[in-house]
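Taking it in order: structure first as structure tokens, then the write-up.
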Amino acid sequence: MQRDQVVVVKLGTSVLTGGTDKLDKAHMVELVRQCCELKKQGHQVILVSSGAVAAGREQLLKPCGRTLIDKQMLAAIGQGQLIHIWQSLFALYGVNVGQMLLTRADVDDRERYLNARDTLNALLNYDVVPIINENDAVATSEIKVGDNDNLSALVAILANADKLLLLTDQQGLFTSDPRTDINATLIDEVTHINDELRQLAGGSGTNLGTGGMATKLQAADIARRAGVEVIIAKGADENVILKCMSEQLPGTRFLKLTAPKDGRKKWLLAGPKSSGQILIDAGAVHALQSKGASLLAKGITRAIGEFERGDLINLIDVNHQIIARGLTRFSHLEINKIKGAHSNQISQLLDYDSGVEVLHRDDMVVL
Ligand SMILES: Nc1ncnc2c1ncn2[C@@H]1O[C@H](COP(=O)(O)OP(=O)(O)O)[C@@H](O)[C@H]1O
Ligand SMILES: N[C@@H](CCC(=O)OP(=O)(O)O)C(=O)O
């Protein structure tokens, strides 16, 4: 078994409540035991823990709805309770925990991303288990990641993790939702995530979880591009966390891809929201994918949305697939003036010299 790996363990509400309306503390002790065993083996563990809303509901003892504001209020009540439980359970093993509550804004902004990364690394260096959740109480829809599957992928990128374990109430990804299809079969290994696979993954089969398999697949897609192996497995299975670290595969494994080495490119993968899109032709797609080229104006069909120089944009092919993302050196207005033009015509078309690469290779990740 490989030692000294950084492992992000995401525990869904389904695992923490065992499908009931209360936190299953007996099972939480068992999960803590496994995490501490991993630490003893020399690995570093980060928890992404859902359960604040469920804990708040349990604590409130009054009926409460499921609107955004209801959930924000319940999270405000439940998060303290949740971290208190984790803290006391890890203390049984003499392990300290540190709470980090994040929103999308903390990863979108490069400086805030670096601050969050420094805190995470400092906790790991001091042998503390970081316990992360979305800062639900203040996260409005604009700044929300929205689900802890995607959040855990961002955390795995922040921490430069080796593995991301998405623990849930199913054995893994099935050919369809096993709650509704008794013939559904488990998919052991995934090497490509495409639209066909996405169609197999439905939403949450209960009203406890957020996102179901669809968000787990999004998370796996992001994390594996950053060089993280992802496993979806059943949180209630005996020794599931320990098994995920061995050859004995308990669920669905998503093979990792070769990650960019540059930290800024990893940040681009962590998915700051794009401000707009640039439509590119087949020649440009080929140049980016096969030749490692920068994007030049002649391969651009048009700019969609409004953006400025320095903004993050997605590059889209004729089939509306995202091919790459990166920081543009031209605004949408400039791009619409220079699209299709040869590089030597650009300064003339704009009346000033702004260079010729619309997206430089160094500022771009090809997906
Ligand atoms: N193809 C699929 N394979 C497995 N589970 C699926 C699939 N499609 C939808 N699901 C649903 O996803 C649920 C797990 O996601 P979710 O309820 O969000 O749990 P968690 O709280 O662990 O994130 C399962 O209970 C299942 O009903
Ligand atoms: N942040 C929320 C959980 C959001 C979420 O993604 O839930 P889940 O699908 O159960 O992992 C909470 O703590 O209740």
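The backbone N, Cα and C atoms fix where each Cβ goes, and this holds for glycine too.
In TrEMBL, annotation is done automatically, which means it is predicted and not curated.
Note that this is a predicted model, so its numbers are computed, not measured.
Copied over from TrEMBL, here are the features:
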{"type": "BINDING", "residues": "K10, T168, D169, T210, G211, G212, M213, A214, T215, K216", "note": "ATP binding site"}
{"type": "BINDING", "residues": "S50, D136, N148", "note": "substrate binding site"}
{"type": "DOMAIN", "residues": "276-359", "note": "domain 'PUA'"}
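Everything TrEMBL records as a feature, shown here on the structure.
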{"residue": "K10", "record": "ATP binding site", "Cβ within 10 Å": "28"}
{"residue": "S50", "record": "substrate binding site", "Cβ within 10 Å": "27"}
{"residue": "D136", "record": "substrate binding site", "Cβ within 10 Å": "23"}
{"residue": "N148", "record": "substrate binding site", "Cβ within 10 Å": "28"}
{"residue": "D169", "record": "ATP binding site", "Cβ within 10 Å": "21"}
{"residue": "G211", "record": "ATP binding site", "Cβ within 10 Å": "19"}
{"residue": "M213", "record": "ATP binding site", "Cβ within 10 Å": "27"}
{"residue": "T215", "record": "ATP binding site", "Cβ within 10 Å": "25"}
Next item on the list: Mind running the binding-site residues K10, N148, D169, G211, M213, T215 against ligand 1 and keeping the ones whose CB falls under 6 Å of it?
Entry: D169, G211, M213
Item checked: Neighbours of K10 (ATP binding site) among the binding-site residues S50, D136, N148 (Cα to Cα, within 10 Å) -> S50, N148
Checklist line | Within the domain 'PUA' (276-359), residues counted as helix, strand or coil by DSSP | finding: 28 helix, 26 strand, 30 coil
Check: Tell me, what is the mean pLDDT of the domain 'PUA' (276-359)?
Finding: 94
Margin query: Could you state, as a whole number of Å, the largest distance between Cα atoms of any two of S50, D136, N148, the listed substrate binders?
Written below: 11
Notebook entry, point to check: So which of the binding-site residues D169, G211, M213 sit close to ligand 2, that is, with a CB under 6 Å from an atom of it?
Noted result: G211
Checklist line | Check: same-chain CB within 8 A of substrate site center, minus S50, D136, N148 | finding: T13, V48, S49, G51, A52, V53, A75, N133, E134, D147, L151, T210
Notebook entry, point to check: What three-state class does DSSP give N148 (substrate binding site)?
Noted result: helix
Notebook entry, point to check: Using the residues the record lists for ATP (K10, T168, D169, T210, G211, G212, M213, A214, T215, K216), what whole-number Å value is the largest Cα to Cα distance?
Noted result: 15
Next item on the list: Whole-number Å only: compute the distance from the Cα of M213 (ATP binding site) to the Cα of N148 (substrate binding site).
Entry: 12
Item checked: Additional residues surrounding ATP, by Cβ distance to the K10, T168, D169, T210, G211, G212, M213, A214, T215, K216 centre under 8 Å -> G12, D147, D149, L166, S204, G209
